[in-house]
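Here the structure is laid out as structure tokens; the discussion comes afterwards.
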Amino acid sequence: MASPADSCIQFTRHASDVLLNLNRLRSRDILTDVVIVVSREQFRAHKTVLMACSGLFYSIFTDQLKCNLSVINLDPEISPEGFCILLDFMYTSRLNLREGNIMAVMTTAMYLQMEHVVDTCRKFIKASEAEMAPALKPPREEFLNSRMLMPHDIMAYRGREVVENNMPLRNTPGCESRAFAPPLYSGLSTPPASYPMYSHLPLSTFLFSDEELRDAPRMPVANPFPKERALPCDSARQVPNEYSRPAMEVSPSLCHSNIYSPKEAVPEEARSDIHYSVPEGPKPAVPSARNAPYFPCDKASKEEERPSSEDEIALHFEPPNAPLNRKGLVSPQSPQKSDCQPNSPTESCSSKNACILQASGSPPAKSPTDPKACNWKKYKFIVLNSLNQNAKPEGSEQAELGRLSPRAYPAPPACQPPMEPANLDLQSPTKLSASGEDSTIPQASRLNNLVNRSLAGSPRSSSESHSPLYMHPPKCTSCGSQSPQHTEMCLHTAGPTFPEEMGETQSEYSDSSCENGTFFCNECDCRFSEEASLKRHTLQTHSDKPYKCDRCQASFRYKGNLASHKTVHTGEKPYRCNICGAQFNRPANLKTHTRIHSGEKPYKCETCGARFVQVAHLRAHVLIHTGEKPYPCEICGTRFRHLQTLKSHLRIHTGEKPYHCEKCNLHFRHKSQLRLHLRQKHGAITNTKVQYRVSAADLPPELPKAC
């Protein structure tokens, strides 16, 4: 294990705690320095939080003339409900999306220039449309006779015999194509309130020849508005001048994606670089455009390719033949996401889509209501695998490229260079399982993987360092395991970090990790020498608990455990200590108790060398080194390192005093207070496990009066 002088300690809950404290400050109106007025409703917030999440507020508060504003009035067309949802998202990282408020949230996000939220809303809508599309798609003849033809649907349904001059919407101004555009996302049921839909913006027309359209795959009906339209490689084809300006009738107060010509794209980008410093990143091999529909291949290839977390979520919603290059250009009035915008949120911390890990430096944000922090598993993983904490082999990425994603990506166009394996990994940071299923990764495993990397001091590979999120670990090429910690400790992984060749041990049990013939349980990190024992342990330990207590809600996997549990209700303690006479209801508790008399302390802290009698004491001690206090009080917000301390603290709010003296009838909130009272007032000996009762014969006659 690395020495304290050269180690880096990762606080896994720091980011979530800071955000939680900021939200509490906002709810108590502490240090809020701006009031946002939306349709006569006022919202108090902190400027720094608004700047960090919204491009609109970023541009306002960075302006020297507007940075001191204390009251900001937003456009009256903005929905207060949508702004309230987005404001809560800024402080909690949770976006409350429902079919009734999706349009209000998306419209407000477009106005606030929160592109990552807009993309999430669009994918939410596309997912809803994809479910309704098969039942709503009319036959070809009925569809061609309908008046609701859209440009891409015309192209998909037109016959091959249509000549090029009769192509609909070809070489027509962008404003004329508005007649074919129905309201945005018309297939989704919306609430009675009307929100600005931005359907009056011009749609890009088709600049492809008949041969190109014939060879291109047809666009699915469930995706009516593609994010980009790439130009063919024919340099003789130019973009009409009509597309170089947005529609004049658009209100300037509304945020929308501008459409630029290739000539003015360069000065616009230079202008945005003046306001926002864009960190340099790797140059992509595949260009793409999101906000600018028409861009030459040579210009787009010079744009930075930044893997965004919206594309992580997009893998759950996009069709299987979706193009790989979904990155887009940021509008001039919107900051880069690496500057002031966070990664895209997930809908729920408990959903499968939410099981993603931020590997770009910010720890995984966990719900403050969950008091469990898997620090013990993190500690065990560091201690048990301290010999294998070297850097991850860089060469293993090349061998795993064929297993990263089950999607069949289309071949790149002729004008673009073929994608290298490194670029493919950069384009698709999400690592799916080999079966394509979105399997949930335990939080403890992700914490183990993150802390192990930080303690080892090894940077990620080039493909992983630019990917903000990791959904699934790569599958081990030797033993087939997908455990997050397996990539760090598998002895079969080829690489220069291991000093000697390790024996090959294959495992057919895909849900476990193996090392030198030892099988690990991915749920609790238990070790087994045989695969059959691991399977039996998985079925018995991590399955349903059939034996339930008839007096409480406790349930158990074994009948004997239930019988032992019932002694809690009956008060029976058949196991007695031969030295001090202490009684226990379980033999394991008696065994642990005997270590007090023998002086045995088998559990050692690998950081400071302290030893403990019980493993629970070691678990609590490890939290001192990590600096974590995972148990918050829901009433006052005070955080505690131990669960028992939190339970004792809650008695302050509830007024409960469960410990009482039988002779004085005094009640105490904590057991330590009762012990002190018994020692001082009744002369009782309280350093044993014997119940703290003092007989009347042993009491001096004057002591009861003192109480």
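A Cβ is built for glycine as well, from the same backbone N, Cα and C atoms used for every other residue.
If you look up Swiss-Prot, you'll see 299-315 marked as compositional bias 'Basic and acidic residues'.
For 331-350 (among others), the entry in Swiss-Prot reads compositional bias 'Polar residues'.
Taken from Swiss-Prot, the feature compositional bias 'Pro residues' applies to 409-420.
Taken from Swiss-Prot, the feature compositional bias 'Polar residues' applies to 425-452 (among others).
Look at Swiss-Prot and you will find 458-467 tagged as compositional bias 'Low complexity'.
Averaged over the domain 'BTB' (32-99), the predicted model reaches a pLDDT of 91. What Swiss-Prot records for 32-99 is domain 'BTB'.
Annotation source Swiss-Prot lists phosphoserine at SER334 (among others).
Residues annotated as phosphoserine in Swiss-Prot, with similarity to another entry given as evidence: SER344 (among others).
What Swiss-Prot lists as phosphoserine is SER362 (among others), and the listing cites a large-scale study or a structure entry.
Here Swiss-Prot flags LYS380 as N6-acetyllysine.
The phosphoserine annotation in Swiss-Prot covers SER405 (among others) and is backed by a large-scale study or a structure entry.
According to Swiss-Prot, the feature region 'Disordered' maps to 275-350 (among others).
For 405-469 (among others), the entry in Swiss-Prot reads region 'Disordered'.
Marked as zinc finger by Swiss-Prot on the basis of sequence analysis: 519-542 (among others).
According to Swiss-Prot, the feature zinc finger maps to 547-569 (among others).
Per Swiss-Prot, the feature zinc finger maps to 575-597 (among others).
Here the zinc finger (575-597) has, by DSSP, the following mix of helix, strand and coil residues: 11 helix, 4 strand, 8 coil. Helix, strand and coil counts under DSSP for the domain 'BTB' (32-99) come to 27 helix, 14 strand, 27 coil.
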